[in-house]
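Following: one structure in structure tokens, then a few remarks.
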Amino acid sequence: MFGRTLALAAVFATTVLSAAASLEECPGYKVSNVRDNGHTLKADLRLAGKACNVYGEDIRQLKLRVEYQTHERLHVIIEDSKEDVYQVPESVFPRPESEENDSASTKSALKFSMTQKPFSFKVTRRATDEVIFDTSNSPLIFESQYLRLRTSLPDEPNLYGLGEHSDPLRLQTEDLVTTLWNRDAFGIPPGTNLYGSHPVYYDHRGRSGTHGVFLLNSNGMDVKVGSEDGDNGKKYLEYNILGGVLDFYFMAGPTPKEVASQYAEVVGLPAMMPYWGFGLHQCRYGYRDAFNVAEVVYNYSQAGIPLETMWTDIDYMDGRKVFTLDSKRFPIDEMRALVEYLHDRNQHYIVMVDPAVSYGDNDAFERGKTQDVFMKSKDGAIYKGAVWPGVTAFPDWFHPGTQDYWNNEFKLFFDPEKGIDIDALWIDMNEASNFCDWPCSDPEGWERDHDLPPAPPPVRPIPRPLPGFPDKLQPGSVRLVKRDGTRLRSKAGLPGRDLIDPPYRIQNEAGSISNKTLNTDLVHANGLVEYDTHNLYGTMLTKYRLGDNLSEWSQYRFSISQILQFAAIYQVPMVGADVCGFGGNVTEELCARWAMLGAFYPFYRNHNDIAGRDQEFYRWESVTEAARTAIGIRYKLLDYIYTAFHRQTQSGDPVLNPLFYIYPEDEDTFAIDLQFFYGDALLVSPVTEEGATSVEIYLPDDIFYDYYTGEPIEGKGDLITMENVPITHIPLHFRGGQIVPMRADSANTTTELRKQPFELVICLDREGNAEGSLYLDDGDSLEQPHTSEINFEYHNGVLKVSGKFDFQNEEALEIKNIFVLGYKQDMNVQDKGNMNKDSQYDARLKKLAIKAKILLTGPSEMTLH
């Protein structure tokens, strides 16, 4: 057996080397029939020699279209001439609009040029002639099941993106293979493909600028970064794709933040979140009954830790079946009493729903079967997998009736009058995840052999009273045709492909591309196949949990890189890791540190697995203290956070920023992924090593202020050591030049928090100036009837408040304290000419504190002199 394995390995290695050699011998394409109207260039591409057919059949005739869509965005698409090859549907990904301008090609920030035989192209910056994309060193390969395109890179590139992954923020650039194929990935291991796919990278070149490259393609792919063979050894980035077309969007930047905004113009802006969504969330897989959930809520209250939203995992379901309730452990009367209790106290409730529907005797399945909305096998029968409830069916999201079916199930089960009156929903397992190994020919056997669904815990009487809770919670009381037989439209995929075992094998950690997911030869209701659309299943949302992480220091650390990837690169800003870790048993020290760090994720939730120890923050005294401290800081900053998040929903300007986004010319920031900016003002620098009570942090050449004291610190572009950092503390610094609006105090819920007046922290830059903003709305409505967008400017001793003041509230719309950090002398204060001596100055800290009354209902001005 061992000898046979070695023989197979040798054959495989020889095959790979042979394939690689054959790829370099492919003829590429030659150009003809070029048409250029100044805005759009079109050309025909024809195979330039004998087909190489390495991983499929070469497509002999292609076409090229180049559009100068905006001043900063260039669109380049290479597709088959007949448009039979699959392309991402417009219904899933609406294409960005193009600005019509006949002279765009001569004025755009980016310039396209090409060589006609063999075809290659370059994209350069018009202002500097710097080449940012160059395919001339390797032939274009466009086959039925394989596409390859290689571009040159600088010698020491700074690349970011190409996720989802748990690797460093700045990608390694030697022998890197990043695979894009959505996978349910317990433990989120580094170096593997994870839950989502984002085929975009940012190339940051310091003073030369930053550009972005987005490939609109949902097929599985390997993106390789390395050095060419030989003495030259030039760096390259290479796409190896299982199908689709080459549909590129180039974004000129030139700053990292501008690239982020330009990318948002292509993929769409994220949705705004409710104000309460930024509070603390608590969940666990393994709450045994409704009383257990209620007791957690009670314990948080008793510990004095503000809990905004309670969650329940799949435990509430009857046999893990979606849209059902375990009537013995989570009876409807107890669930409704729990939700009513939370709502009466301005708290919220969320449950999980998986996309897979239990196959068999349940109403949700029967309705879906009647409406014909489930994925089908080749024989027309409902495709079966195995997930938590056992044998399952999967909604076909391309079926025209699926959305109505799904909406109706929600309407029935979450009926506010009769069902569970939830405030939001958690969708999980939507990679799509399937426990059953490929080929999953006997899902019923898998269910039986793996004891699905898991046995629920024994039913128990309510064990003890919970003071203040309702009586209910107290003791004692594959053919490429549509299903209708019509022919497929164009751009739906070529016939004759091997949809299960393609000739080119991407480095999917799960092995076969059909393993642990839906079979890739399944045909959707609109005729598209799962092979092409797998990476689209369940990806049209903009709120993201980073998956089943582990309670380990390494995962605590790389969660920072992950949140930065999603918020700053992929335009998915409502993101967070499971605080204290999902899998394994967290230590007290790690949980305390994570409670502090998690307060600076946009999405802040403690969640863990049924097999791990309970890890609610109140389980340890030190973690309780850390959580209280962290939430107190977060809540005082919540309007600053809310404003930064709103800004990203309007412009794409990230709510979280790597240091190089703020200091793009400082080379020492390019690789930093253990510090980050929340918004533009707040530098977060957590302790990241076990047992450490100090942390070495980098401060760029700028003025900073200690968050806790206001003490100025001159950054010199060097590392400094923060000493005596206990597990209940996290180093925070304001950046000079920023004005930060804060609530005067924290609160137990975000509803109460909104009743607090404001304070302004004016952090002077080296010239004595600062600016900031504040966004206000009602915090909940999908369509906001009245909003305020307020600008603060401090210049030459004058604070100006201007902007739009449409949001009106009976209370809390005033600034009662102003703190000026970096002020160098005592002063008097004039407010519209009236002297106000109610101020204090700390000469050592250079901190001025002023009591004020500035209404946020209209413009105002205050002079400090």
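Quick reminder: no glycine exception, Cβ is built from N, Cα and C everywhere.
Swiss-Prot lists Asp428 with the feature active site, nucleophile. Annotated active site per Swiss-Prot: Glu431, in sequence order. Annotation comment: Swiss-Prot describes Asp548 as active site, proton donor. The N-linked glycosylation site annotation in Swiss-Prot covers Asn101, Asn299, Asn515, Asn549, Asn585, Asn748 and is backed by sequence analysis. Look at Swiss-Prot and you will find 1-21 tagged as signal peptide, backed by sequence analysis.
Looking at Asn299, Asn515, Asn549, Asn585, Asn748, the glycosylation sites in this record, the fewest other C-beta atoms within 10 angstroms of the C-beta turn up around Asn585. The Cβ of Asn101 (N-linked glycosylation site) lies under 8 Å from the Cβ of Gly38, His39, Tyr68, Lys107, each of which sits 6+ residues away along the same chain. Within the same chain, residues at least 6 positions away in sequence whose Cβ sits under 8 Å from that of Asp428 (active site, nucleophile) are Met352, Val353, Asp354. The Cβ of Asp548 (active site, proton donor) has 20 neighbouring Cβ atoms from other residues within 10 Å, across all protein chains displayed. In this structure the C-alpha atoms belonging to Asn299 (N-linked glycosylation site) and Glu431 (active site) are separated by 35 Å.
Residue environment of Glu431 (active site) contains 25 other Cβ atoms, counted within 10 Å of its Cβ in all protein chains.
Taking the Cα atom of each, Glu431 (active site) and Asn515 (N-linked glycosylation site) are about 12 angstrom apart. For the recorded site, Asn549 (N-linked glycosylation site), the DSSP three-state label reads coil. A distance of 29 Å separates the Cα atom of Asn515 (N-linked glycosylation site) from that of Asn585 (N-linked glycosylation site).
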